[in-house]
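Q: Here you go, one structure.
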Amino acid sequence: MAYNSQTGPTQRHTDTWQSSGQSRFESIGNSNGGITNKISEAFGGDRRNSLPMYKDKPFSYPGGRRKVPWYRRRRIIGVVLVSIATISWWFGILSPLSHLTRPSEKSPAKKSQSSWSLFAGSGAVDWEDRAQQVKEAFQLSFSDYEKHAWGDDEYHPVAKDGKKMTQNGLGWIIVDALDTMMLMNLTTELQHARQWMHNNLTYDQDHDVSTFETTIRILGGLLSAHYLSNSFPGVYAPVNDSLSDDMYIEKAAELADRLLGAFNTQSGVPLASVNLHSQEGIPSHADGGASSTAEATSVQLELKYLSKLTGEAVYWEKAEHVMKVVDDNAEPDGLLPIFIYADRGVFRGNNIRLGSRGDSYYEYLIKQYLQTSQEESLYNEMWKESMVGIKKHLLTYSSPSNFTVLAEKQNGLDHPVTPKMDHLVCFMPGTIALATTGGQTVAQARRDRSWGSEQEEDLIIAEELMKTCWGMYTVTATGLAGEITHFNLHDPPLMYNDFSGGERPTGPKSFERQPNIPGMDSRPVGTDDYIIKNADAHNLQRPETVESLFYMWRITGDEKYRQWGWQMFQAFKKHTLTPDGLAFSSINSVNSVPTTLRDNMESFWLAETLKYFFLLFSSNDILPLTDVVFNTEAHAFPRFQLGKLFKTGWERKPRDENGHLIEQAKAEPAIVSKEEQPDIPGAGPVKIATVHLTETRAMSVTSTLSDSSSNTDAVKADREAASATAEATITPIMDEPQLVT
């Protein structure tokens, strides 16, 4: 395909970057003095086989090594060739050169000073070095964006240009990446971002934005940056730029105030979009105006944490009220349709899935429970209810390899499953593991008295789903997963609840391919199970699978999850690198080699995908899972206790053992004698219905009153005594005037 080699639009501001939104790089093009030339010097002509370092090459970096005598170089070359020949002879390998271009995970690379070097020695895996390579990939991507589209909300790394979503830009890429810079200790990049935010970022813009996406990416990014900079002073990329330490929280509160307009609906469920200037919510232009279920129920972590920081309860109340409205629908088995009408608070259609528009509802159930230190038990109850529903209705098995498939019910729970998984569904293995142990390691959790067969069962589901998601990568030509994967199922489908205990099918124990020998199937494991249609074969640099690998590694300690992550990262390096070797892009098909680029770098490539790779390869001491929760955009928030100011402001309506709402029995008016009836002046016989408000549950108490003046004061006193916790509605039995207290 043809690529545009021109640079992006000229930056508006021409003064130095320290006081403006200008790129911090003096040269925008490929001038000899710029970073492009430095990388070219280090790697010569071909940069496609290995990634260059961002800057500051160490002494032993290939492009900067000292000259050594030719006979020493010759001796080294001779030793290497003899070693290769010996190893090849020993293992019966006919083409030893193939091992120079295709690293083997059986012999992990030894740490080298040049992290991007194609050649590596043998020895124990140096995970710190691999984390460093991820950091360099981030720097490569971010620096290219800085030079060509600084301040833009979209970036096209092939054309080298960008686009703003609003008049002045929202900081979509910059703010989303703040905490990644902090965790990677990138002080230069962080200082540049802070200067841009200080001088350029305002949310008073007359433009519509997605309520959900703006909350998870921008509000979430600001809150996470505030958390890391204030809770870990001097640890994560400390900067000394004279800017306020409160900049993140101040901008977060300003943005949240504008987003709250989306919640001004009859039901309290937020509209899909909001105008930042007018603060008016805007319904979706599609789907009959309904909001996405996941979007309406995946703003709670952010708003509740902001309430905790500011002491302003309004964010908390708006967020949790949505959960009440959703739960009051009492959908069977905790599985929700993917659309909800914001005006009425009722669901639209029967399409049920844990992919797009449904996914993060389930994620935020367990994370809300963990965020408030397990003090809000109803969210854990809702999570467990959903897990029962998932096992009952959605879990099935592929054919012939028995991968566990988390399928869809596109026409309701009473209809057959659709054997389809969005890549988005791959957040579930890690989330299930997190819910099972609460963030502890399995070894720690198993010592708890609450651990039992249910936890063991759920952990197995997490492990099996993790295999399924990893298989999405191993069956493709690029080693990357498509956006959507379909599956061949048994006929009739084998459902999870058709089996019990150890009788349930399990996926392959290994993904190792058989040797290419006649009569032996050397295709990737699962080739006959997975179906990737051409329309679904694109890869958008999504993070969900590496996200789950991160959780599975932290919780189980099984190093295979790190190894799978490393293979995935190498596939991204190899197949999504731009032709100039200076950026990464989403691709059109995971089944085509060489790949064609979509010329777009998603903000979550920096905010999520590379962050989770970095955390997967880094020390477990960084952001322990028992201390934090990550929002659905990988922004870290601390766990906290409710304290005196906050509480769960709602209760679930009572349900029977099948999950159906229990209808409140309406008591008949009591028949009392004339002597027992109190007297209310000006009213005939009336029925008093006293509703005791225990948040969402209501208990009705009724009695019948008749004319009697002698007891009026006593009745009035009783009502006043109960007014703090009850409301009394007096409705005439006949046509008498109505009294309301």
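The backbone N, Cα and C atoms fix where each Cβ goes, and this holds for glycine too.
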Q: Quick one: sort out which of 342-381, 382-421, 702-741 is the region 'Disordered' according to TrEMBL.
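A: Range annotated as region 'Disordered' by TrEMBL: 702-741.
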Q: I need the nearest neighbour of Glu544 (active site) among the recorded positions Glu213, Asp359, Cys426, Glu483, Thr632, using C-alpha distances.
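A: Of all the candidates listed, Cys426 is nearest in space.
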Q: Between the recorded positions Asp359, Cys426, Cys469, Glu483, Thr632, which lies closest to Glu213 (active site, proton donor), Cα to Cα?
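A: Nearest candidate: Thr632.
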Q: Provide the number of Cβ atoms within 10 Å of the Cβ of Glu213 (active site, proton donor), excluding the reference atom itself.
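A: Glu213 (active site, proton donor): 17 neighbouring Cβ atoms within 10 Å.
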Q: Out of the recorded positions Cys469, Glu483, Thr632, give me the one sitting nearest to Asp359 (active site) by CA distance.
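A: Out of the listed candidates, the nearest Cα belongs to Thr632.
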Q: To the nearest Å, how far is the Cα of Thr632 (Ca(2+) binding site) from the Cα of Cys426 (disulfide bond)?
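A: Counting only the Cα atoms, the answer is 12 Å.
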Q: Roughly how many Å lie between the Cα atoms of Cys426 (disulfide bond) and Glu483 (active site, proton donor), rounded to a whole value?
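A: Their Cα atoms are separated by 11 Å.
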Q: To the nearest Å, how far is the Cα of Glu483 (active site, proton donor) from the Cα of Cys469 (disulfide bond)?
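A: Distance between the two Cα atoms comes out at 12 Å.
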Q: Which residue counts does DSSP yield for the region 'Disordered' (503-523) in the helix, strand and coil classes, in that order?
A: 1 helix, 0 strand, 20 coil
Q: When the number of other CB atoms within 10 A of each residue's CB is tallied over all shown chains, which of the disulfide-bonded residues Cys426, Cys469 has the maximum?
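A: Counting every other Cβ within 10 Å of each candidate, the maximum falls on Cys426.
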